[in-house]
Amino acid sequence: MPAEPIRVVVTGAAGQIAYSLLYSIAKGDVFGKDQPIILILLDIPPMLPVLDGVVMELQDCALPLLREVIPTDKVEVGFKDIDAAILVGSMPRKEGMERKDLLKANVAIFKTQGSALDKYAKKTVKVLVVGNPANTNCLIASKSAPSIPKENFSCLTRLDHNRACSQVAMRCGVSSDSVKNVIIWGNHSSTQYPDVHHAKVNVHGSEMAAYDAVKDDAWLRGNFISTVQQRGAAVIKARKLSSAMSAAKAICDHMRDIWFGTKEGEFISMGVYAGGNSYGIPEDLIYSFPVQIKNKTWKMVDGLAINDFSRAKMDATAAELVEERDTALDFLSQ
């Protein structure tokens, strides 16, 4: 018997990240090669004509797993009975816009979407927030959906994680799958902390600590960190557009790991609810931690030794998140 189709919604579906993402989802790269999919594309009313074009293209791909494509601008249609929600759409920062104004606009969007998830989605729905500021948007969505477990909400730091892996791999002259267990701590912003103190690199068949493989502590504590932190800005500067292809790939990696689990002995980074963490991070935040996933459930990796260098960077990104959260919660209560 073929599997029952799952319902997957992508918001901001007429945008460029979605354009890079939808094909991968529809062809089975994320939820499995034998999992039929009903794809719901949600965007704002002015984007509906563009969505029609995206629908035509998805139809024209003739993908056997794609059972139906539903374009909509209505949350009650978009979030009805869904199994997975990928929230890409958000208010982008415009020239001369204060961070506060950006937060205010996004609180409104993610309050609406969180409430709609609460009302219409399955209680088992897995929600991935991509739209920036992703950690705080994710927290607002979760708080607006009290009947859905907090653990079902995560935000994307896998792109930062992949960037860090790739930098280390290039430096060591190995393929990116020879690097594992890098960590992104904190906010998906330029305060994030890419940490390789626990990472391993496979060099010519033998596994060694990243610091031993790279043999350049100054780079690992300096340019490596700033390159990963600033990479999004560097891509925008070069392309005049944001990193859509790599963001879409990271979304696929993140969702596939939620669905099928992480490899034995490996962990990945994602922004999750910080409650009960063992690293002294304030509880009521969505913060990026190292996690392992099994049976669609993530578990923080505990007990990793944290040196003073790491501690300071982990606390700095937490402080930024606390400030963002407090500003956002002010808006939420208005």
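Using N, Cα and C of the backbone, Cβ positions are placed for all residues, glycine too.
What TrEMBL annotates here:
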type: ACT_SITE; residues: His188; note: active site, proton acceptor
type: BINDING; residues: Asp43, Asn106, Val130, Gly131, Asn132; note: NAD(+) binding site
type: BINDING; residues: Arg93, Arg99, Asn132, Arg163; note: substrate binding site
type: DOMAIN; residues: 7-153; note: domain 'Lactate/malate dehydrogenase N-terminal'
type: DOMAIN; residues: 157-331; note: domain 'Lactate/malate dehydrogenase C-terminal'
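Of all residue pairs in Asp43, Asn106, Val130, Gly131, Asn132, the annotated binders of NAD(+), the farthest apart have Cα atoms separated by 16 Å. In this structure, the CA atom of Val130 (NAD(+) binding site) is 14 Å away from the CA atom of Arg93 (substrate binding site).
Here the recorded positions are Arg93, Arg99, Arg163, His188; the one with the fewest Cβ atoms within 10 Å of its Cβ is Arg99.
Taking all protein chains in view, 23 other C-beta atoms sit within 10 angstroms of the C-beta of Asp43 (NAD(+) binding site). The Cβ of Gly131 (NAD(+) binding site) lies under 8 Å from the Cβ of Thr11, Gly12, Leu87, Val88, Gly89, Ser90, Met91, Asn106, Ile109, Phe110, Asn137, each on the same chain and at least six residues away in sequence. Figure note: comparing Cβ neighbours within 10 Å for the binding-site residues Asn106, Asn132, the maximum is reached by Asn106. Other Cβ atoms within 10 Å of the Cβ of Val130 (NAD(+) binding site), summed over all protein chains shown, number 28.
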